[in-house]
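The structure appears right after this line, and notes come after that.
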């Protein structure tokens, strides 16, 4: 059964590469929206930095009210902060068990094109499920969250932002990469503690 699965993947991949089956083009997600987000640009003059008297945490929490989200905001540097070098490992870990609902285009695949005529029923339900899960793991684009330091002019200073890992291909055949598709806004304070909307990536999709 394993040998049949390997042969099936090989023949199926060859068909995709040669453009023989237009059906499989539908497993490629739609292109992303007009992202990524624009970075903050701050004046370098320290005169704009807050003074010690401006950093009253009790007052600042009161100004934030219900907008303070401990899952995405922190006053001090979180211990679980990931570095840039950790993103590849995190991406691989999350793709081993894709979250959410399996895309309908993948869930509906029967993989008949890779079988010899008259042998459609040899593909068991278990093998079909394995092939679907493999394909899903290859095309899945998780949002990778890491903590970033916005600097002393923002409160809370540390915000968890999302990114899309683009150092691997997310399509079969290769060529497409994970790119930002959606964003949400967090409300934080900017010195002199005016509420602003800070955007973070909330969804990644496989795109050209």
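Including glycine, each Cβ sits where the backbone N, Cα and C put it.
What TrEMBL says about this one:
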type	residues	note
CARBOHYD	56	N-linked glycosylation site
DISULFID	141-178	disulfide bond
DISULFID	164-204	disulfide bond
DISULFID	170-206	disulfide bond
Counting every protein chain shown, other Cβ atoms within 10 Å of the Cβ of residue 178 (disulfide bond) number 27
Around the Cβ of residue 141 (disulfide bond), other Cβ atoms found within 10 Å total 27
CB neighbours within 10 A of residue 164 (disulfide bond), counting all protein chains shown, number 25
Integer Å value for the Cα distance linking residue 178 (disulfide bond) with residue 164 (disulfide bond) is 6
Whole-number Å distance separating the Cα atoms of residue 170 (disulfide bond) and residue 141 (disulfide bond) is 7
